[in-house]
Amino acid sequence: MSTGGRTLVAERGGALGGSLRVPGDKSISHRAVMLGAIADGTTVVDGFLGGADNRATIAAFRALGVAVEGPDENHRVVVHGVGRDGLRAAEGPLDLGNSGTSMRLLAGLLAAQPFDTTLTGDASLTRRPMRRVTEPLATMGAVIETGAEGTPPLTIRGGRVLTGIDYALPVASAQVKSALLLAGLYAQGTTRVTEPAPTRDHTERMLAGFGYAVERGDGWAAVTGGGRLTAAEVDVPADISSAAFFLVAASIIPGSELVLEHVGVNPTRTGVIEILCLMGADIREENPREVGGEPVADLRVRAAELHGIDIPEALVPLAIDEFPVLFIAAAAARGTTRLTGARELRVKESDRIQVMADGLNTLGVVAEPAEDGITITGGPLGGGRVASHGDHRIAMAFAVAGAVADAPVTITDCDNVETSFPDFAGAARAAGLAVREAGPDEY
Ligand code: S3P
């Protein structure tokens, strides 16, 4: 996809050093607004990620009649909850921009409201598969119209009575699990979701933090409808998915030693650390603590010689958003890295297997895509011009590649970096990376 917009240039610089707190966790920020909106009372969220995706969630709830203040310059958001039955019909379609999480979770949350809602998004989001949520929601009694091919826009018909289901997810997806649990808050009886492999459990943890009982067992979570949520204080940790760019950069740039502060290290998110450590990385968790039901630590990363591995399939859902930059680690490593069991990467903000393979090939790296993964042979990286296809994580991954390439790497279509990491280039420079916006003659 081409969205146009900014071009970034990344070049070889020096070692990374010092300490850095990357912006707040995107998944947790979305959920804090959603649960705060339907809770009784006022929810205060600190460390909120003010990126475009989370702003789209805030705008959606404002349109549904919820007063939301912020985010202010201290990353605080205040959500004045309207209670479980207080949402009001929006006047027009809700535009969720690039945000798959907003769309899928809202589909569940809005499935049992008394009014209709239409959800839409940008060119990338309107190509993404939504039947994975609309089909199980229909089994609960929801009526949701999709475009041809099961893609957005979604029109959710109001006034439906939902009944809890016992659902086994066909793919490991926290978005689908969360959509069903949120619908389950409004359903008669119990909604139980079983997952084929562990996925991020922020919804389960945060529901508990808002005083809503969540039953959990080995590979499943369940809620019983009809209860109420009580407003809470949410302290959002730094996003491990944003920290990942620096974990890889500091690992592959000789002489680096960097501390990433206050990073969320929920075990359903730490696959990136496990994979990098299997490749020989030197990453230590310091000052482990728990903040609002989520584990947090400072991550100290030192440069190390990485080597290729066969990535264990069990780690794939635990690192699902970090593969673009893990592929850069693989390109900079000695030997061959093989990823399998990761077909989901083809339906993210872009087809991350193909787009990364194309970009790596442009930089002279041998990267062979497969239907469900990729094989990457480590070796020297050259410079060149790569297309991010409007995918924030592809753009930032190639910015890391530029730091070890023989010549500058120019990355096009970078506006969507703002969806998850506002001022990425500024943070990257503060850590020591040579990343800048292209001048007019470099486009
Ligand atoms: C997310 C879940 C993941 C992830 C996405 C955020 C969430 O998607 O890729 O960026 O907040 O629940 P899937 O659940 O579809 O894998």
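Each Cβ is built from the backbone N, Cα and C atoms, and glycine gets one as well.
Bear in mind that TrEMBL entries carry predicted annotations, made automatically and left uncurated.
Computed from a predicted structure; not experimentally measured.
Annotated active site, proton acceptor per TrEMBL: Asp321, in sequence order. Marked as phosphoenolpyruvate binding site by TrEMBL: Lys26, Gly100, Arg128, Gln175, Arg352, Arg393. Per TrEMBL, 3-phosphoshikimate binding site is recorded for Lys26, Ser27, Arg31, Ser173, Gln175, Asp321, Lys348. What TrEMBL records for 13-425 is domain 'Enolpyruvate transferase'.
Annotated features, which come from TrEMBL, shown on the structure.
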{"residue": "Lys26", "record": "phosphoenolpyruvate binding site", "DSSP class": "helix"}
{"residue": "Arg31", "record": "3-phosphoshikimate binding site", "DSSP class": "helix"}
{"residue": "Gly100", "record": "phosphoenolpyruvate binding site", "DSSP class": "helix"}
{"residue": "Arg128", "record": "phosphoenolpyruvate binding site", "DSSP class": "coil"}
{"residue": "Ser173", "record": "3-phosphoshikimate binding site", "DSSP class": "coil"}
{"residue": "Asp321", "record": "active site, proton acceptor", "DSSP class": "coil"}
{"residue": "Lys348", "record": "3-phosphoshikimate binding site", "DSSP class": "coil"}
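Close to ligand 1, meaning a Cβ under 6 Å from one of its atoms, are these of the binding-site residues Ser27, Arg31, Ser173, Arg393: Ser27, Ser173. Within the same chain, residues at least 6 positions away in sequence whose Cβ sits under 8 Å from that of Lys348 (3-phosphoshikimate binding site) are Gly100, Asp321, Asp391, Arg393.
Residue pairs drawn from Lys26, Gly100, Arg128, Gln175, Arg352, Arg393, the listed phosphoenolpyruvate binders, are separated by up to 19 Å at the Cα level.
The average per-residue pLDDT of the prediction over the domain 'Enolpyruvate transferase' (13-425) is 98, rounded to a whole number. Between Ser27 (3-phosphoshikimate binding site) and Gln175 (phosphoenolpyruvate binding site), the C-alpha separation comes to 10 Å. All chains included, 20 other C-beta atoms sit within 10 angstroms of the C-beta of Ser173 (3-phosphoshikimate binding site). All protein chains shown were included, and the count of other CB atoms within 10 Å of the CB of Arg128 (phosphoenolpyruvate binding site) stands at 18. The Cβ neighbour count for Ser27 (3-phosphoshikimate binding site), using a 10 Å radius over every protein chain in view, is 29. Long-range Cβ proximity for Gln175 (phosphoenolpyruvate binding site), meaning a same-chain Cβ under 8 A and a gap of 6 or more residues, is found for Gly100, Thr101, Arg104, Leu105, Val133. Cβ environment of Lys26 (phosphoenolpyruvate binding site): Leu49, Gly51, Asp53, Asn54, Thr101, Asp239, Ser241, Ser420 lie under 8 Å away, each six or more residues apart in the same chain.
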